[in-house]
Amino acid sequence: MKCVVFTGGGTGGHIFPGLAVAEALSSSLECRIVWIGSAKGVDRKIVESSELYSASPSVLEFIGIPAGKLRRYFSFQNFIDVFKVAAGFIKSFFILLKLKPVFVFSKGGFVSVPPCAAAKFLKIPVITHECDFSPGLATRINSKFANRILVSYQETAELLPASLRSKVICTGNPVRLSFYSGRPEKGRSFLNIKSNLPVLFVLGGSLGARQLNDLISDSIEYLVKHFVVVHQIGEANMDQGQKIKEGLLKSSPEFAENYKPYPFIKKEMADVLSLSSIVVSRAGANTVWESAAAGKPMILVPLEKGSSRGDQIENAEFFKKKGSAEILLGEDVRPDIFIRLLRDLGFEENISGNERLKNMAQASAALAGEKPALVIADFLKSFFTSKNEDL
């Protein structure tokens with residue numbers, strides 16, 4: 001059985017899209033998939049808790065390597081991490097030498113650089129994919145080793161050096177195929193919803209998002225009268241969710257059942273998304289593309305540049321420009337502005353006939369309609385039959 005290598009990690013954002021591609025590839029082609037990630041951190045846990053690993057542990061294997069962080073600023077830790085990167089390269093070199101994979105597919109993150117560099121040294125084809133609107137540092141480095149650079153947005157090509165643009169293919173951002181076929185009735189059963197109110201799904205991420213959680217907390221008295229609020233609040237913030245619930249039981253007990261906090265929703269995510277009338281979330285690449293795959297209107301609250309490199313703002317602006325999202329940013333992240341936006345979107349009226357929401361939903365579905373996981377898997381399959389230089 002031929003082997004392929006996937007690499008990426010540091011956060012789930014660099015792993016979940018790769019797993020979506022791995023699932024699509026393995027469903028149509030018999031191959032062994034080895035994921036090279038960080039020996040420490042969340043990488044192994046995410047890969048080994050995936051549906052693909054659970055269903056076929058003989059198909060998907062995880063190997064950890066030393067990983068040094070790539071920083072854009074001065075830090076004494078950079079000197080230590082140089083040695084970690086070097087150790088990661090050496091280990092990757094011998095892993096690839098032994099496996100002789102057909103290709104190395106990178107989803108970014110600092111851990112992906114050593115395997116891509118080692119693959120280039122061994123003349124193994126490298127394909128890298130960027131989820132965000134602007135390429136991260138790891139992608140910028142890996143692009144120099146890559147045979148092909150896959151991007152989620154056509155405009156991303158213009159942000160790469162001119163010498164690399166001929167390698168770029170726009171595929172969209174891969175998400176699991178289940179997001180295209182979520183079942184609302186299963187979502188309703190999982191959430192135990194008996195109300196006919198629209199569902200407002202708040203995605204704070206697996207770790208939560210304090211600004212977003214506080215916005216919901218400060219708006220909750222209004223929200224529960226007009227929505228069933230499904231709040232993925234993060235494991236570390238469940239105490240806040242309980243306080244919100246307890247406050248409602250005292251102030252508005254007849255509406256308290258309309259607030260449903262969860263630490264993290266995993267297997268049921270596609271079904272809950274399909275039930276939702278609108279998604280309120282950060283603007284990380286995976287979240288916005290999963291919501292788009294489900295064809296949902298979005299209110300995006302991106303991380304500001306002080307807390308990130310600005311990629312979430314760029315993602316949010318792209319989806320707003322395409323008509324699928326509205327944005328709350330900076331001083332606009334306030335309960336009064338949030339509530340006014342929901343009213344402007346028509347949620348106090350009959351939403352079934354609301355043209356604005358329908359247009360936003362259609363715009364979302366159109367963006368993710370090509371099923372990028374399948375597009376990328378089909379492209380990767382070409383490496384099994386074509387000469388490397390032809391790709």
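Backbone N, Cα and C atoms are what each Cβ position is placed from, and that goes for glycine too.
Feature annotations, courtesy of Swiss-Prot:
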BINDING   Thr11, Gly12, Gly13, Arg176, Ser206, Gln312  UDP-N-acetyl-alpha-D-glucosamine binding site
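A map of Swiss-Prot features onto the structure.
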residue: Thr11; record: UDP-N-acetyl-alpha-D-glucosamine binding site; Cβ contacts under 8 Å, 6 or more apart: Val42, Gly109
residue: Gly13; record: UDP-N-acetyl-alpha-D-glucosamine binding site; Cβ contacts under 8 Å, 6 or more apart: Cys131, Gly284, Ala285, Asn286
residue: Arg176; record: UDP-N-acetyl-alpha-D-glucosamine binding site; Cβ contacts under 8 Å, 6 or more apart: Phe16, Leu19, Ala20, Glu23, Glu51, Ala270, Ala373
residue: Gln312; record: UDP-N-acetyl-alpha-D-glucosamine binding site; Cβ contacts under 8 Å, 6 or more apart: Arg282, Ala283, Gly284, Leu300, Pro302, Leu303
Request  = Run through the Cβ atoms and count how many others sit within 10 Å of the one on Gly12 (UDP-N-acetyl-alpha-D-glucosamine binding site).
outcome  = 18
Message = Tell me the coarse DSSP state (helix, strand, coil) of Gln312 (UDP-N-acetyl-alpha-D-glucosamine binding site).
response = helix
